[in-house]
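**Q** Dumping the structure here so I can ask a few things about it.
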Amino acid sequence: MDDPYHNNVNQQMTEGGDYTYTQDGGGQDGYPYQTDYPPQDEDAASDATEGADEDDQMYEGEYQGIPHPDEIKEARRAARVEARRKARMAAQQEEEEESLPEQYETIMEDCGHGRFQWMLFFVLGLALMADGVDGFVVGFVLPSAEKDMCISNADKGLLGLLVYVAMMVGALVWGGLCDKMGRRKCLIYVLTIDLVFSFLSCFAQGYGFFLFLRFCSGFGIGGSIPIVYTYFTEFLQMDKRGEHLSWLCMFWMFGGLYASFTAWGIIPHYGWGFAIGTQLQMHSWRLFILVCLFPALAALIGLVFMPESPRFLLETARHDEAWMILRQVHDTNWKAKGEPERVFTVTNIKTPQTQEDEFIEIQSETGTAFQRWTVRKMTMLQQVMANVMSLSAPELRLQGLLLVIVWFCLAFSYHGLGVWFPDMIKYMQYEEYESKVRIFHRERVERFHFNFSLVNQIHREGEYIHDKFANIEIKSVKFESSLFENCYFEDIKSTNTFFENCTIKNTVFYNTDLWQEKFKNCRMENATFLHPKKGCHLNFQEENDIVIYMVSFLGSLAVLPGNIISALFMDKIGRIRIIGGSMLASSACTFLLLLSFSQGAVICWQCLFYGISVAAWNGLEVISVELYPSSKRGTAFGILNGICKFAAIIASSIFAAFIGITKIIPIFLAFAALVCGGMVALKLPETREKILS
């Protein structure tokens, strides 16, 4: 006999182990007394068990906001299911993340090293060269720009300081952004910012505007080094990384050579400048800045034809794009090697189950495009900051601290001595120049026409009556406590010339560059200034500037042997030995500076120091990109490069302060920093055979 209960009700077990009951037929076929009740939803569970009448009654706590016991059980059950699901996904993600580095390394070995890597090598090398050029631009244009814009000594120091601060901020910002936006995209932004603001700085006539434009340019180019090394690393297989990253470092040297050579060839030629109207003066140092844009422009054009890093795309779950780029790398290399028949056999690449970027969109009608853009950028900033904070994880904390110490010590000594070398040479030149100064005391010159230049002279307590100074240059001349009465100055060009405690009576200054700042504590009686020249006199024939160009050129050229040796031995003896050995050997070279008593000796020790210390830079840059995982590589390198710029700022200020006072303290500081950094470097983990994580 059929049981009507079992005919009309199906039992279903839920995932939590309980039973739900659903009725097959309508109320009239099964239980006629249920027809008085309102019909239930199709997906709702009907209570057909005994005691259903009690369950159908209104729960007395509903109006009080108290959850029903069944709702509590269901919520707990759903939470347990969700926890088990997340645990399974986490285990799967961990397994896939562990297998991704090995799989990616295998794919890069299958793609080989060939034409594609060399094309990318030259494009990124030009970007690195642009950074090297920017490091020299300010130092080369400053001697001319300070005269063109009448920049004081305090303002000169501000320019160099702000450019380094801008580079430091740029390294921090762009290093973090390239882990979220992509290596190629950020590098394009970086080069574009540098190009635009450097180009505009060529036409800046005021010092304040020039300072602002150079700051913006520095902010852009400051991010190039972290991005370039991160970008190129992810296209190299393990046994090629050390060597080819070291070869890439040579382009920074090429930037120094390019800047030195073009400055030497352009800036001294005053006649190469031109004027646009009466206000815009394009002197030769401005043309030099324009020529320095060529490496950045060439790199930007080359990047248009380069793809994004496939490793970055895999980290952001863009599997198909990464696969297409890897196939492009494979086909380009093997076709160039004469094997076009080789097929890219990879069909599936495991990617970590990362969450998509949770950009919050404002979908309401009141949300504007600007509001949505603001929310995206704020969310991006939060993600970058979270990436920065993740670098303090226990497994990264120790090696990060060691790297910070090594970066700081090497940058402090290298950039500090980089400022000390040319300043020391200038000081030696100044001392030699001062030793040849001619001193005139209590001379009386009356009704005389000075038609010859006055150079390197001091006139004390002299009297000049009815004299004429016309069409001459006054260079490094000081008049102290002298009297000028009924004199006439016309078409005067002055450099480092001052009048102190002088009396000027009935004197006319016509078309000269002698302005108020050159008269210190002077008494003026009926003095007239007619048609004063705007700006300061530009003297491009000074031997001091030519020597500085030559010193910078030789210093950059001396890096070449160290670059070649470090590239050849980076993968053979390891990064740690290269860094530690180079820094300790460089520290020994600093002591030789105590024996330098001439300009030639300083130049020789400078070249030796640069040639040895460059190996440490190469090894440090290689190990910095290999120690960190791909999702944090740009952020970590940006922080380290920012610390490098911070050390350069401190070192430049300290070392410059001791010029002309003592050379023992700068040399001791450089020696101590190199020894400390070299010893700490030996504690770093070796990454020669490490697969990129």
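The chain as shown is numbered from 1 upward.
Glycine too: its Cβ is placed from the backbone N, Cα and C atoms.
Straight from TrEMBL, here's the annotation block:
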REGION    1-69  region 'Disordered'
COMPBIAS  39-59  compositional bias 'Acidic residues'
TRANSMEM  118-145  transmembrane segment
DOMAIN    120-688  domain 'Major facilitator superfamily (MFS) profile'
TRANSMEM  157-174  transmembrane segment
TRANSMEM  186-206  transmembrane segment
TRANSMEM  212-232  transmembrane segment
TRANSMEM  244-267  transmembrane segment
TRANSMEM  287-306  transmembrane segment
TRANSMEM  400-421  transmembrane segment
TRANSMEM  546-569  transmembrane segment
TRANSMEM  576-597  transmembrane segment
TRANSMEM  603-623  transmembrane segment
TRANSMEM  635-658  transmembrane segment
TRANSMEM  664-684  transmembrane segment
**Q** Can you say which of 400-421, 576-597, 664-684 has the most Cβ pairs under 8 Å with the transmembrane segment (635-658)?
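**A** Against the transmembrane segment (635-658), the leading stretch is 400-421.
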**Q** Quick one: average pLDDT across the domain 'Major facilitator superfamily (MFS) profile' (120-688), no decimals.
**A** 81
**Q** Contact between the transmembrane segment (400-421) and the transmembrane segment (576-597) is defined here as three or more C-beta pairs under 8 Å separated by at least 6 residues; is that satisfied?
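**A** By the criterion, they touch.
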**Q** Determine which residues of the chain contact the transmembrane segment (244-267) at the Cβ level, with the cut-off under 8 Å and only residues 6 or more beyond its ends counted.
**A** 113, 117, 121, 124-126, 128-137, 140-141, 144, 228-229, 232-233, 236, 284-285, 287-288, 291-292, 295, 540, 545-546, 549-550, 552-553, 555-557, 559-560, 563, 566-567, 570, 614, 617-619, 621-622, 625
